[in-house]
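Notes follow once the structure below has been shown.
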């Protein structure tokens, strides 16, 4: 209500007692048009959102080579992209393969401030986790002047950062994979998160933030260990995501490439060498004997 009054030129408007507070909140430039500028910016934001909604209904026109290959059905699955470590620059590629099964959840929205000459400029930072609960998970972080814009940007970045999750067994290989294949560790800042395999039926033993990411990754049972300043939710989530993404960064013996011993050319073409061999006679000349006394 105070902001609306300020925009209308009330007590909290430009030149009024609330000018510094509102200027600190939005960080406008100039003293006379701060309230009106904010109002116009907010209106334009709504217009962009409406036009963006209509644009989403339009047909996807890829702008990258990978996008063209995906749309033309030359690439059949995300795993083909991950196999060759191709960078994904368009979020529509993820929607093309996983659109129906993807679920997103906002982990946190926190205000961040920057000190300027006009006061404090406040923006909103959104942390969004996205996954299909079946081996794919992503984490996006976006900062914007408006909450809705930050969430939309974080969802797009989360789609672009989706990684495959490797799952395994705690003991015997019975049924479907249900836990992490072995102990993995992720780190961000001072936060260190360790994921430990757990027996079937244990569930996810962890704090709420890693639990959401592990559930979205499709991991049913897991022990976790965390140290550092885990109250910093951003670093906590990033460390967990780093640990999950490391499940495919190592090779276990069952993934070792089978060694095939091939014969050397001398062994392979022995018969040919025998047939084409010609005996060369070498005449040895004997040096004359030297008489010794």
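Cβ coordinates come from backbone N, Cα and C, glycine included.
The feature region 'Disordered', as given by Swiss-Prot for the ranges 1-56, 57-112, sits at 1-56. Residue pair residue 252 (phosphothreonine) / residue 275 (SUMO2 cross-link) shows a Cα separation of 47 Å. Comparing the Cα of residue 264 (phosphoserine) with the Cα of every entry in 58, 270, 275, these being the recorded positions, the smallest distance points to 270. Using a 10 Å radius centred on the Cβ of residue 270 (phosphothreonine) and all shown protein chains, the other Cβ atoms total 11.
The separation of residue 58 (ubiquitin cross-link) from residue 275 (SUMO2 cross-link), Cα to Cα, is 72 Å.
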